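Accompanying notes for the structure given below.
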Amino acid sequence: MNKSWWKILAIVLVLFSIIGGFLFHVPAKPILNESIRNIHFHVPMWFAMITMLAVSFVYSIKYLNKGNENDDLMAVESANVGIVFGILGLITGMIWANFTWGEPWSNDPKQNSSAIALLIYMAYLVLRNSMDEEQKRGKISSVYNVFAFPIMVVLLFVLPRMTDSLHPGNGGNPGFNTKDMAPELRPVFYPACLGWILVSLWITNLRFRIRKQENLNS
Amino acid sequence: MKKFLFVICFLCLTAASIFAQGSSEVEMATELRSSGKIYVVVAVLAAIFIGLAFYLFSIDNRLKKIEKQQK
């Protein structure tokens, strides 16, 4: 994890997505116009959030299995970074929606459920910070986290796709379905997602190491 | 012969109308890009991101020093 090649890769991928996302050809569609380029910046925020929350889920299970305190710290810090990226995803989505759907919040099923998912994870942080004793805190918050992750997956990937949504990809995954996304967007979109996932992993890694130092000193 | 000419004219007209639709239907920022100014925005964003990346690296290095001191 302390090797720097993947950090450089993260920067190169995101830089490529900034350059390609602005300059490459995109399909011309009414209403969307040039704002389709947002797909290279708004959607990767959610990919990063989901990956960090998955990391948090895995480390919570690890903590419950082995009881190693570092696993608990990793679970908290990845959830922290995941929430930050989720908030960025909400804000960028609201800006985009304001100009394409007419209002920042149109009670779209995916908007609502992503807000609920974020609240569930904020409750995780509140729950964790409300306890002082380390083992009790670690165990209770890990159990909560293990339940929170599948609820988040259902809220973001299952429920919105069972009803009509303004988001593309009802009944499928718009990122990977050949019909839902124009092929010329993909060479920029996938590197952008991977790049932002790596950036979020990097920030999580930094926060985890700081937390570990704080833990040693206290 | 008349019929043939008629068909040719008809085809040309439909083709023209299709091209006209294609060019005027959706407003894109082609002019913005052709005038070259969009590169300025890309350069600014790239500069911001590179700056942030260096900042992250410097935080990383500082942490490494602290971790070494602890050991």
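Cβ coordinates come from backbone N, Cα and C, glycine included.
The domain 'Cytochrome c assembly protein' annotation in TrEMBL covers A:9-161. For A:44-61, A:81-101, A:113-131, A:143-160, A:188-208, the entry in TrEMBL reads transmembrane segment.
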Requested in this report: Grab the same-chain neighbours of the transmembrane segment (A:188-208) for me: Cβ-Cβ under 8 Å, and only residues 6 or more beyond its ends, written as numbers and ranges.
Outcome: 1, 6-7, 9-14, 16-17, 20-21, 24, 39-41, 43-45, 47-49, 51-52, 55, 73-74, 77-78, 80-82, 85, 175, 181
Report task. Report, as numbers and ranges, which residues of the same chain sit near the transmembrane segment (A:143-160): CB under 8 Å and 6 or more residues beyond its ends. Result -> 46, 50, 53-54, 56-57, 60-61, 64, 75, 79, 108-110, 113-114, 116-117, 120-121, 123-124, 127, 167, 173
Query raised in the report: Sequence-remote contacts (6 or more beyond its ends) of the transmembrane segment (A:44-61), Cβ cut-off under 8 Å?
Result: 17, 71-72, 74-76, 78-79, 81-83, 85-86, 88-89, 92, 114, 121, 141-143, 145-146, 149, 152, 156, 192-193, 195-197, 199-201, 204
Query - Model confidence over the domain 'Cytochrome c assembly protein' (A:9-161), averaged pLDDT - result: 93
Report summary line: Same-chain residues at least 6 beyond the ends of the transmembrane segment (A:81-101) with CB under 8 Å of its CB atoms are 31-32, 35, 38, 41-42, 45-46, 48-53, 55-56, 108, 111, 114-115, 117-118, 121-122, 125, 166, 196, 200, 203-204, 207
